[in-house]
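Database features (TrEMBL):
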DOMAIN    7-62  domain 'TECR-like N-terminal'
DOMAIN    170-323  domain '3-oxo-5-alpha-steroid 4-dehydrogenase C-terminal'
TRANSMEM  181-199  transmembrane segment
TRANSMEM  211-230  transmembrane segment
TRANSMEM  250-265  transmembrane segment
TRANSMEM  271-296  transmembrane segment
Amino acid sequence: MSRATFFEVEILDAKTKEQLCFLDKVEPNATVGEIKSMFHKSYPQWYPARQSIRLDPKREGIECSSLLTLKYHPLFIYLYSPGISGMLPAERIFWQGHVRRLVDVFLTEYAGPLFIYLLFYSRLPFIYEEKDEFTTSPHTVVHLAGFCHSFHYVKRLIETLFVHRFSHGTMPLRNTVKNCFYYWGFTAWLAYFINHPLYTPPLYGDQQVHLALYTFLVCEIGNFSIHLALRNLRSEGSKMRKIPYPTKNPFTWLFFFVSCPNYTYEVGSWIGFTIMTQCLPVGLFTLIGFFQMTVWAKGKHHMYLKEFKDYPTLRMPIIPFLL
Ligand SMILES: NC(=O)c1ccc[n+]([C@@H]2O[C@H](COP(=O)([O-])OP(=O)(O)OC[C@H]3O[C@@H](n4cnc5c(N)ncnc54)[C@H](OP(=O)(O)O)[C@@H]3O)[C@@H](O)[C@H]2O)c1
């Protein structure tokens, strides 16, 4: 501290311990938040939300509102980059290489299945035997399945572009590649079997197909209704999270019983598609999707309980009264 009225603050890199910044005229009543702003002036790319200022590199960051005192010296700084699940340590993001814009990510992820499925549906050369190239299936259910699959992914693309209001703008490249492998790979596998010339329609014929189609469509409408309800929880550009409640739309009444009805409906759609096609890879895709969405729904449910003291107690994460 200088003899006059100012602090001298040294900011060290939390990893290398090298001096990053020396502030020689800091007001004695300055807060940690103000230190962050001063650091930001020297390093414009590291805005305050990307900084964690610590007394010890291994300890938690100091609250922005904390007043600077003599014991806060030197200060260690830990820098973060924005990612899909909040702020990531900067070195992790560098290691991951690039960050993709979230909207582009989803467009890539969802346009892939749409396109890949249609390659198999058209029976392009080199997929099945030569004599089957560009032929069409004699079974109505194959065409119905093609329609439902395309409908599902067109809906997701439209929702990504016009409905969802994401709070994170980017996703690490590694996650994008992993998701694309998952969606594209599974689509190729299930489309191969459904559109195969030797494919046999479901055991209980039209009755099974009609029941499945009804289930699929109801769940798609339900899923879309929930996405609209979630959209209406925040205004454009806002990142605020609120408790979602049922609206006048009866499809949203599932909010009475679960925290993530969009996942419940999504699983319902895939169950419908499995019954319709009676195809093992579709069943497996549904099962894996169900496990994945259950894990996410549990996480979101616990977050709601932690964040909102008045959170409705009847709700379960994904399956009413059960799970
Ligand atoms: N088949 C599969 O395996 C599978 C797997 C996962 C998802 N999906 C489909 O993809 C859809 C979207 O998935 P998701 O995981 O992104 O769903 P999500 O977490 O429920 O989010 C959907 C949108 O609503 C926003 N949101 C959620 N809760 C909110 C709240 N309390 N307040 C304000 N906004 C809120 C989200 O914003 P944030 O950006 O802040 O989260 C996001 O923009 C699912 O509903 C499902 O149809 C399919």
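Glycine residues also receive a Cβ, built from the backbone N, Cα and C atoms like all the rest.
Automated prediction, rather than curation, is the source of TrEMBL annotations.
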Long-range Cβ contacts under 8 Å made by the transmembrane segment (211-230), restricted to residues 6 or more beyond its ends, are 144, 148, 151-152, 155, 159, 163-165, 202, 244, 247, 249, 251-252, 254-255, 261-262, 264-266, 268-269, 271-276
The DSSP breakdown of the domain 'TECR-like N-terminal' (7-62) into helix, strand and coil residues is 14 helix, 20 strand, 22 coil
Model confidence over the domain '3-oxo-5-alpha-steroid 4-dehydrogenase C-terminal' (170-323), as mean pLDDT, sits at 95
